[in-house]
Every structure is written in structure tokens, then in C-alpha cells.
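Asker: I'd like to ask some things about the structure below.
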Amino acid sequence: MSQFKRQRINPLPGGRNFSGAASTSLLGPPPGLLTPPVATDLSQNARHLQSGEKQRVFTGIVTSLHDYFGVVDEEVFFQLSVVKGRLPQLGEKVLVKAAYNPGQAVPWNAVKVQTLSNQPLLKSPAPPLLHVAALGQKQGILGAQPQLIFQPHRIPPLFPQKPLSLFQTSHTLHLSHLNRFPARGPHGRLDQGRSDDYDSKKRKQRAGGEPWGAKKPRHDLSPYRVHLTPYTVDSPTCDFLELQRRYRSLLVPSDFLSVHLSWLSAFPLGQPFSLHHPSRIQVSSEKEAAPDTGAEPSPEDSDPTYSSKVLLLSSPGLEEFYRCCMLFVDDMAEPRETPEHPLKQLKFLLGRKEEEAVLVGGEWSPSLDGLDPQADPQVLVRTAIRCAQAQTGIDLSTCTKWWRFAEFQYLQPGPPRQLHTVVVYLPDVWTIMPTLEEWEALCQQKATEAAPQPHEASGEAEATEQAPDVSEQADTSKQNTETMEATTQQDVDTDLPEAPPPPLEPAVMARPRCVNLSLYGIVEDRRPKERISFEVVVLAELFVEMLQRDFGYRIYKTLLSLPEKVVSPPEPEKEEAAKEDAVKEEEAVKEEAVKVSKDEVQNEGTAAESDSPLKEDGLLPKRPSSGGEEEEKARGEAAEDLCEMALDPDLLLLRDDGEDEFAGAKLEETEVRSVASNQSEMEYSSLQDMPKELDPSTVLPLDCLLAFVFFDANWCGYLHRRDLERVLLTLGIRLSAEQAKQLVSRVVAQNICQYRSLQYSRAEVLDDGLPEDVLFGNLDLLPPSGKSTKPGAAPTEHKGLVPHNGSLINVGSLLQRAEQQDSGRLYLENKIHTLELKLEESHNRFSATEVTNKTLAAEMQELRARLAEAEETARTAERQKNQLQRQMQDFRRRLTPLHLEMQRIVEKADSWVEKEEPTPSN
């Protein structure tokens, strides 16, 4: 080292020194007593490397080589012991991983150096004529390199240049086996002190003859995430503390008392909420005039003691959900765009109050709605109809069902104290949807009204010119106000376009001041642009919990109908060997975990803190605690070991000595994956060889596929065993952990349910063959609660026979038949709509074919005319040719005698000349 300090390294032959202001080197301060030339113009890729990290990976030129050490680019010192492969020669290109230590005399020291194989012929440093470096270039790391005499295009560059990053993710790094331990930190940096461990592991791997996984292309997978609450969704009441426990990011008002979850009795497990009917609600544009409904928005005798509000649900219908799910299942070989999640397709129509999205509804009016809301349930329904018509322009009076979804209670302080109750209804909006004929007539009427009329326009222009100035100012202020409102709506609501066109299918049109917000935008969006009220957020969470319970119960009934999986007992010798291998692997993992550096520990802590809000809200699965779930750990020891191996960022083996050790040493910040993302990559590679232990003849219903898709937030195509067990445990039917494990084992292989590879059919699975005590879990074994009602028991108010015109009518049976007929009607309407689209497409094709035929016919006529013209031109040319030929023959006949006459004259002249010449004398 002292020799290196005293020695002044000469630059590479052929280089030039330039004077100027010294700038900081790309890799930090230069080594002590060295005066390397510093690059002044850094490329875009070089600027990307200035991120302040302690290690860099780059390619450079060996500028000095001695007995025990060398120098790369006159800045990076390396010992010959860190060279992998053959020793580099002076002037050769090498791949270097350097570490920065400001405490040493030479700050930049190489950790690994590798000579690049198959290098093209470099310039010889002796002849100066081959040096073609530009005058403004200086040598340094990633600066000017010696020019190549031969630069064939078939040799790709080592690091492809991109506008945003210098290093591209290598395609040689794969996670194709669960027993391939990663040895890189959470940010993709290789640990300097563990290079020997890498080499020893690789040598053992190769010596043992263990085959490497098949080389597969890297997939940009979405992180695995599930829509799942960490609590049971059967609590009938939530107070202040319960809301804070469930939704930690929710701001609860100070006057809030409690909320009663009425949807538990309105939609029991046996009669869940149906998404079968499409109900489309669209907000009209600002240009359309709102119809005068005649309803009073705020009467004088309004009483805040009772308020009635409605949840106006906009849903595409069950057939559209099935279509998206089947597209996702059918596109396994050639994946296309990921369809929208059901939470993004389900939307609520909300009103606005001081630029805040609020529920549609208002306070109770005794004079307009009724006198006693407690005794007469129709009073608050009238309030909801009146307020909804005044705020949205939608008439809900023809809705046939009004379900109580929730009841909010607020305490008004002051003498005397008052209890304010807000009742939220969920009406069947699909019953007020216009039919196809009505919708077509409405669209035609709007198109006729929107057509410009020149006579009326001119008359309006004349009237505007004769109007007084006061009316002009009033119109201007009104237009400015409407423009400001429209601008605010565009800035706040991201779901609505600037001027939404009328939908192709029937829809209910609402007023412009309303807004459509999806459940995903309310519940999942962590940075909402919309100011949402407290009640809207709570109702959205409750609606998602209701869907979670219904879809989870659908999975539960499907699992009950599947045959049990027969598990053969393991042999004692193999079991003992497997236990010994597991103990050895655990010890190896613990030893590797102890060697993790402080930087990696801090980075892991940061990643864990960033994921903690998601885990608290139930968006990411939490690891089981060591104290409270010892039995669950004992049952799923193998599954937890695999998950820990997938989550550990320090257990990765690289495939090649030369390429893979440097290929992923510096990853882009955007490609640094979270714990869930790394886990999804590990599982995706293992899913390809997963044995399908389910009976191939087993066909699941489509609603089960929709249930799987609902819980799979990012369309990964699979669900974990632990998440499926939690889905069953949160239904409220009091299953034990062992029961949930046995049910989930019917569709799980290797701790993962790959639901995308299962078979599905439209035929629904009948639940008649399942006994009631099995359908409702262990509720019959538990002591009855205060209300003593099963969640699957339907309300008994309308049961029995009803006399009508001297006969008894079974109302329940009639309603069931009406539901079946309505379902068939909706299915046929969907098929008719699909056939109409296909017919329209065929019509368009036929029209395009006709246009093409006409174009081809016109072109053929034009070609025929051109052909006739060419034939006429050919005939004219033939006539001219014949005429010229005759003239040439005539000229020949005339010129032949002249030629003979001239020849005779020449001969006669020659004879005369010969006679006149004197004879020579002797």
C-alpha cells in the first residue's frame, strides 16, 4: 500500500491531459496523491450512479498492473487476490465491484474484479496514430475508454443504456425453487463479507449434483394481496372504540355514539345480497338541464332527530362479473390486460355538501313524511324518496324493496341531551331501470333536442341583443358559477369524464352535482382526491365486509360439496429424515441470519414499517404470534417454514459465477420489491410444477370463481392456505381451526390454492344435499345468544300462507319463482344484447365489404379504360411503324441508283487522274 501511495500512476498510453477546474470524481474523492484526469461531461447513465451508496458496479480499463495489485481507471485500487477467473492484462476491460471507505488513503477499493470474456481487439497502446479520442474527453470511471478497432454489431453491450437507469435487470436471475436461498439484501446489494459463503454454497451445490431450475423469463408479477378483515363480521353493533379498532385510519366524529349493523338481519347467510341484477347509474353532464321534480329539499319543519339516507348502488351485474372472471381464467396461456376487480366496478352514487362526498338523503319532516318514524317504517322511506328526488333527480318511489343497512346514532350534547338517529337504506335500484325500448326512445329524444336549429338560434341571438345589461350580468355570473362547479367536479372526481356520453345500455341518469365513487376508491385508495364523509367510509367498509362474508360463505359451501382428500400416513423412516433435514435447514437459516449486516437490518425494518399500515388494515397477511397461536404453528410447521424461506431476503443463490453475481448487484429503486412481492415471485415459480390433487372431474360453480377473485386483490391467480382458513374463520359460524384446515385441504396443494387452473361451470351447486347443521357450522352447539337467531335463518314475518280471493297463496314460493324467472330474463337479455353486438359487428363488416367491393369495381373499370387506351396507343404505334417502314423502303429504292451513279463517276474520275499523271523517266 505504501508503494501505491508513493507511486504516481501514468495514464494509459494515448491519453491526454487537460487543464481546467477539477471536479469531483464519479466514485467520490480520488485515491491519495493520485492525479487522475476527471471527466467534465458526464453522461446520463453516469449521473444515475451518483446515488450516494457505498458500493458501485461498473466496467473499466486496467490502467496499471503490478506484482500484487493493480489500478482501474486510475481511481480504483484492487488486489490480485480479488480477481475472479484469469488475471487481466494492461488495457483490458474488466467488470469491477468497488466499495468506498473514506477512512483509507485510497477511498475506492475493488471487492471483485473479473475480466470480460470475448473482448474485441483493443487498440494497441504504442502507435499514437490509432488514438481517436475527442479533445473534450477525459479518462475516468465510465468516462472515455480506449476505442475499439473492430466494433461488430453482433456483440451486444454489457450494460444496455436506458434513459432512466444504467443497469437493466438481468434475465438470468430467477426464483424457480423454494430451496434456492437468497443472499442479497432488501435493496439488491451483495454483502461484501459473505463472498466466501457464496462460493462455498455454489461448490456444494455443484458437487452434490443438484439440478438447477429451468431458466425462465422474469415476470412482472403483482404483489400478493387479499381483501380480508382480521376480525369476525357478525358483530351487530360498533361503538367508538370498536370503530377505531377496526378502521385505524378513520376519523370518528366526537358526537358519534354507535352504529347498528342492520344488514346482518336484512341479509342472513341463507339469503345474501344478490349482485345478479345490473343497476347502472350515470351522472349527466352540466349542459343537460335538470328536470324540476317539485320536491322540497329542506322543509321548514325538518327534525334532525331522525334522518333517512340511501345507498344507491351502481353494479354491472353478475353476468359481467362472470365474463371478467372467465376472461381471466381463459387467458392463462396468453395473458392480456387484467380486468377490473369487482370492488372497482361496484360504485355508490353520492351527493355533495361543501365539496364533500356525502350520502344522499336528509332529515325527517313530520308534515311531508309522517308523524311517528318508530311506529311506521314507511315514514323514513318517504323521507329517503323525497330527499333522493330533490338531490339526484331519481325517483325511488317504484322501488319494491327497502333494506335497512345500518343505523348511526349521534349524541347531541347540551340540556336536554338528544339522540340523533340516521337510518341508511339500500333500495333495489335495478327495479327502476328503464327498459331497452324506453332507453332507446330517451336517447333518440335527447339526440333530437341536442340537434342545432338555425331558426331558433337566430331568434335567440336577436333576443340576446335586445336584452338589458342587468340580465347579461346575471347570466354571466350564473355561467361562471356553473363553470367553477364543473371545474371542481373534474378536479375532485376521477371517475367521471368531462362530458360523459350516454351509455350503450340502459342506465338511470342523475344530476350533475352527484358523483360516482367505487368501493375501491373509498376503501383501498390511500391518497384519495375526494373528501369523503365519515358515514360514507363506514358504509363502504361494511359493504365490503358483507361481500366478504357472502363470498366466503359461497367458498365454504363449495368446499363442503367437494370430496375429502385421502392423506396416506407417512412412513416413520421418511418422517424422521424429513425432520432432520428441516432441523438442519433451520440451523443454516439462523446462522445466515446472524451474519446480516446492519444496513440490511435497517432496510428490512424500513420495509416492515412501510408495510405495517397495510397489515393493520388487513390488506397483507400477518405472521402468527408466538404466544397465542402455538397450536396453529404446530399444525402448519411445514407451511410456515416455506413462507419464512420465501420472505427471508437473505436466502438467494445465484446461478453463474461470472454473470449473476454482478447482474443483480445494483437494482433500480423501482424494482426493489416488497416482502409480499418477493413472496409472490417465489410462489409463482413453484406454481408451474404444482401437482393438481383435485379430482379432474370436479366442476365448481362460477360464483365460487367470483368469490376467489374477490379475495385475490391483484389477480395473482392463487390464494394461500392461511388466507382461505381465515376466510372461513371470519364467517361467524364458529368453525374451529382444525375444521377450517380440513376444508381448505380439499382444494389446496403445496399450501396454495391455484383457483385459476380449476374447472368451472355455470350450473349452480344445489345445497339441498347438505344438512342444516353443517351449513351453519357449530352454531347449534353453542349456547343461544340474547336474540337467539341463526345468521342463516330468514325472518319469519312473511312466512306461511296468505288468503287471497278465497284461496291460500304461498308468498315465499311465489317470490322464489319470481326470482328464478327474473334471473332467466336477465340471462336472456344479456344473450340478446351479445347477439345484437355481434349482429351490429357483422353489419359493419358487411358494409365495409360492400365499400371495398365498390372501390374494387371502380378500380377495375379504371384499369379497363387504361387498358383500352394502351391498346389504342399500341395500334397507333403499329401504324406509324408500318408507315415508316414503307418510307424507308421507298428511300432505299431511290438511293440505290444514285449510289451506283456516284460509284461510276468516282471510278471515271480515278481513271482520269491516272491518265494525267506523267510517267517517271529513267
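Here the Cβ of each residue, glycine as well, is placed from N, Cα and C on the backbone.
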Asker: Considering the residues SER222, SER298, SER612, which is the one that Swiss-Prot annotates as phosphoserine?
Answerer: SER612
Asker: Among TYR198, TYR684, which is the one flagged in Swiss-Prot as phosphotyrosine?
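Answerer: Residue annotated phosphotyrosine in Swiss-Prot: TYR684.
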Asker: From SER176, SER307, SER686, name the one Swiss-Prot lists as phosphoserine.
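Answerer: Record lookup in Swiss-Prot returns phosphoserine for SER686.
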Asker: Just to confirm what the record says: which one of SER284, SER458, SER471, SER674 has phosphoserine annotated in Swiss-Prot?
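Answerer: Candidates were SER284, SER458, SER471, SER674; Swiss-Prot attaches phosphoserine to SER674.
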Asker: Counting other Cβ atoms within 10 Å, pick out the least crowded of the modified residues LYS112, THR896.
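Answerer: Comparing Cβ neighbour counts within 10 Å for the modified residues LYS112, THR896 gives THR896.
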Asker: List the Cα distance (Å, whole number) between LYS112 (N6-acetyllysine) and THR896 (phosphothreonine).
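Answerer: If we compare the Cα positions of LYS112 (N6-acetyllysine) and THR896 (phosphothreonine), the gap is 100 Å.
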Asker: For LYS112 (N6-acetyllysine), which of the three DSSP-derived states applies: helix, strand, or coil?
Answerer: strand
Asker: Summarise the model confidence on the region 'Interaction with NR1D1' (703-922) as a single mean pLDDT, whole number.
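Answerer: The answer is 83, the mean pLDDT of the model over that range.
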